[in-house]
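Visitor: TrEMBL lists these features:
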DOMAIN    65-186  domain 'Chorismatase FkbO/Hyg5-like N-terminal'
BINDING   Tyr146, Arg153, Tyr206, Arg219  substrate binding site
ACT_SITE  Glu333  active site, proton acceptor
Amino acid sequence: MTQQQILDLPASKFAMPDDLDEETSGANVLGVINYTSGATDPDVTSGHLRFDLHMTGTAADGFAEVWTTERPVESGESGGIAYSHDGEHLLCAGRIPPATSYAEGTRAAYTTTLELMDALGYDNCARMWNFVNRINEDNAEGLEIYRDFCKGRAEAFEAFNFSDTSVPAATGIGSLGGGIAFYVLASRTSSLTAIENSKQVSAYNYPEQYGPRPPKFARATYQSATSADRTSGQIYVAGTSSIRGHETLFAGDVEKQALLALDNIAHLIGPETLADHGIEQRNTLADLDTIKVYVRHGEDIPAVRRICEEHFSPDAQVAYLNVDVCRADLSVELEGIIHSANRCEP
Ligand SMILES: C=C(O[C@@H]1C=C(C(=O)O)C=C[C@H]1O)C(=O)O
């Protein structure tokens with residue numbers, strides 16, 4: 001594996017608001033996603049995608065997720081979607097304003113996004129993030145807003161003939177405002193492999209008790225420069241919670257829920273699961289980085305943090321966010337990335 005191939009995948013890191021200028025200067029920036037105290041429409045600022053998500057109570061508690069690449073970046077806006085791309089990777093974002101129902105708005109915004117990906121030539125969808133305000137509340141028809149969102153997403157993916165193995169790893173999580181905000185990482189030629197977890201029913205096969213249309217996402221995506229590279233790629237771990245089979249376990253016990261979610265991730269990124277997908281990596285939770293931990297009740301954050309610190313590398317970047325989770329009986333959820341660049345350090 002050459003250094004060029006290794007670096008040919010997008011990289012992300014977290015920056016504190018005060019350090020943002022330093023982190024982005026001189027870099028090819030695909031985008032800056034601000035996890036902050038208010039929502040904006042996505043736009044192009046300083047030549048790259050910029051998007052504010054309403055995910056923290058105060059701006060001081062916020063952080064920026066900075067996406068960079070080795071190649072020069074071009075940016076634009078089309079149909080309400082803002083984007084940056086580098087010839088191999090595309091980062092794009094959109095927002096559905098607050099509404100009483102979301103399926104139609106979601107279907108339309110996803111359709112615009114998928115059309116844009118097609119038009120720009122980035123058909124491989126690696127990772128999506130969805131931030132859903134009032135996620136556990138009912139829409140105007142009495143359907144939970146998360147389920148309403150899932151319906152619109154499923155319809156859009158179906159219209160574009162996404163198969164179970166081509167849906168991206170995703171996050172669908174609560175937010176503090178701004179309707180539904182989403183962003184997408186897509187690629188042109190790099191190879192993607194959807195990874196499922198044998199301890200969990202694939203989300204797209206959840207039974208109807210969880211809503212009229214299942215959540216269409218993969219448990220993780222493995223991305224490598226070529227399909228032959230089954231060792232040095234990077235892994236995007238979807239939002240993962242205390243679900244076994246398709247059932248929520250340990251409702252009301254945030255510590256047990258955190259431990260089960262971690263166990264799910266450990267199994268997902270471990271050698272046994274990856275071997276089933278033709279990938280040779282021996283990852284543990286200590287390999288995860290740029291981790292987001294979503295905690296429903298703010299007072300639970302210290303206990304969750306203690307558990308996380310026992311499992312993650314002390315060098316990992318970990319952000320804790322106090323927001324709702326997609327099922328009313330889930331108190332905590334985690335996601336992260338195993339960066340290919342980290343794997344190659346001497
Ligand atoms: C926690 C779960 O789902 C959450 C919802 C997702 C979505 O709808 O995109 C993706 C991952 C998680 O954020 C789960 O079903 O296991």
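All positions are counted from 1 along the displayed chain.
Every residue, even glycine, has its Cβ placed from backbone N, Cα and C.
Because TrEMBL annotations are produced automatically, they should be read as predictions rather than curated entries.
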Visitor: What same-chain residues, at least 6 away in sequence, bring their CB to under 8 Å of the CB of Tyr206 (substrate binding site)?
Guide: Pro214, Pro215, His246
Visitor: Write out the long-range same-chain contacts of Arg153 (substrate binding site), meaning residues 6 or more apart in sequence whose Cβ is under 8 Å from its Cβ.
Guide: Thr106, Arg107, Tyr110, Asn130, Arg213, Pro215, Lys216
Visitor: Can you give me the Cα-Cα distance between Tyr146 (substrate binding site) and the residue listed as 'active site, proton acceptor' in Å, rounded to a whole number?
Guide: 15
Visitor: Can you check which residues sit near Glu333 (active site, proton acceptor), meaning Cβ under 8 Å from its Cβ, same chain, 6 or more apart in sequence, and list them in order?
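Guide: Those within reach of Glu333 (active site, proton acceptor), by Cβ under 8 Å and sequence separation of 6 or more, are Thr171, Ile173, Gly239, Thr240, Ser241, Ala261, Val293, Tyr294, Val325, Cys326.
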Visitor: Provide the number of Cβ atoms within 10 Å of the Cβ of Tyr146 (substrate binding site), excluding the reference atom itself.
Guide: 28
Visitor: For a Cβ distance below 6 Å to any atom of ligand 1, name the recorded positions from Tyr206, Arg219, Glu333 that qualify, or say none.
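Guide: Glu333, by Cβ distance under 6 Å.
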Visitor: Within 10 Å of the Cβ of Arg219 (substrate binding site), how many other Cβ atoms can you find? Include all protein chains, please.
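Guide: Arg219 (substrate binding site) is surrounded by 25 other Cβ atoms within 10 Å.
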Visitor: Based on DSSP, name the secondary structure state of Tyr206 (substrate binding site): helix, strand or coil.
Guide: coil
